[in-house]
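All remarks here apply to the structure that follows.
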Amino acid sequence: MLLGTLYLFTCEVSNSPLFLFLKALQLQRFQSTLVIAEHDNETLTPITLNAVTAAKRLGGEVSCLVAGTSCDKVAQELSKVQGIAKVLVAQHDAYKGFLPEELTPLILETQKQFKYTHICAGASAFGKNLLPRVAAKLDVAPVSDIIEIKSPNTFVRTIYAGNVLCTVQCDEAIKVFSVRGTSFEAAPTSGGSASVEKVTPPPPVGLSEWIEQKLSKSDRPELTSARVVVSGGRGLKSGENFKLLYDLADQLNAAVGASRAAVDAGFVPNDLQVGQTGKIVAPELYIAVGISGAIQHLAGMKDSKSPHPVGDSASDTHAYFAGSSHRHL
């Protein structure tokens, strides 16, 4: 009888809020997160700051890994970001072009040296190309495109074109995940005092070679980070009519986007596509011209603060957007 009473008492204590709180604090003491910085050797890509904010919510120490050919300027920029304790810098000619085949061994060696429990990056083309390879080499399952962190091993992501919220519990020893930039505020870029340390790059893998990169240049803001976005759809009828949107965007200092239908019709290049299979945006103002509001397009802009559809089906599109809600899984 005494043993039974003691057992029940132990169960009650182990499930008490105080016990769970102390356990969470203890876990945070032993966990740390490595954020893989995205940059061009000169400037930091904004989504990295969103990833830092996500990493801070895990608790524990946050470090950033900066790999490139000449990236001291980026490292110094990151050292001033609030919430970062350490900036690790690796420079080598093999990191030209930021090939995942070359960056993965560096990340694995860094994790092994510092025993990071979490590894993350922004859910951009860079992060989506790199993190699955890192996870495969670690023999863990990655969690992609998270929009919320509930605990160090529990994340929320969207499925079914953003219609359903899926809560994922990850019990891997090392958690590898990518962060949707529009779901986390950017970390403040001043007030931090992180230390900057050099790390020795592992020998180059040599399986692939970077040739060149051709980027389209524009005076307009970058689509995924613009405060105002003007998007056009199939309702514009032709690529010629998109010039009207370009003129409007220039007046508003806005970026120009497009629906997949407009891209498939050849009106605009595919780097302007907003949607489930395009870019994810969350501007202060989103103007949609001639867009019917297909669910795949809404998945890419539903976090916009103030969406304004324009066209024959504008009222239907706005009603659909305003009435859409997530279902939780």
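Along the chain as shown, residues are numbered 1 onward.
Glycine too: its Cβ is placed from the backbone N, Cα and C atoms.
Going by TrEMBL, these are the annotated features:
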type	residues	note
BINDING	Arg234, 259-260, 273-277, 290-297	FAD binding site
DOMAIN	33-214	domain 'Electron transfer flavoprotein alpha/beta-subunit N-terminal'
According to DSSP, does Val274 (FAD binding site) fall in a helix, a strand, or coil?
strand
Under 8 Å by Cβ from Gln276 (FAD binding site), same chain, sequence gap 6 or more:
Ala161, Gly162, Ile295, Gln296, His297, Ala299, Gly300
Can you check which residue among the binding-site residues Val274, Ala294 has the largest number of Cβ atoms within 10 Å of its own?
Val274
Measure the Cβ-based neighbour count of Ser292 (FAD binding site), defined as the other Cβ atoms within 10 Å of its Cβ.
19
Taking the Cβ of Arg234 (FAD binding site) as reference, which residues of that chain separated by at least 6 in sequence fall under 8 Å from it?
Ser259, Ala261, Ala262, Ala265, Phe267, Gly290, Ile291, Ser292
Could you tally the C-beta atoms, other than its own, that fall within 10 angstroms of the C-beta of Gln296 (FAD binding site)?
16
Within 10 Å of the Cβ of Gly290 (FAD binding site), how many other Cβ atoms can you find? Include all protein chains, please.
24
Give me the mean pLDDT over the domain 'Electron transfer flavoprotein alpha/beta-subunit N-terminal' (33-214), rounded to a whole number.
96
Which same-chain residues, if any, lie at least 6 apart from Arg260 (FAD binding site) yet have Cβ under 8 Å of it:
Gln273, Gly275, Thr277, Gly278, Ala294, Gln296, His297
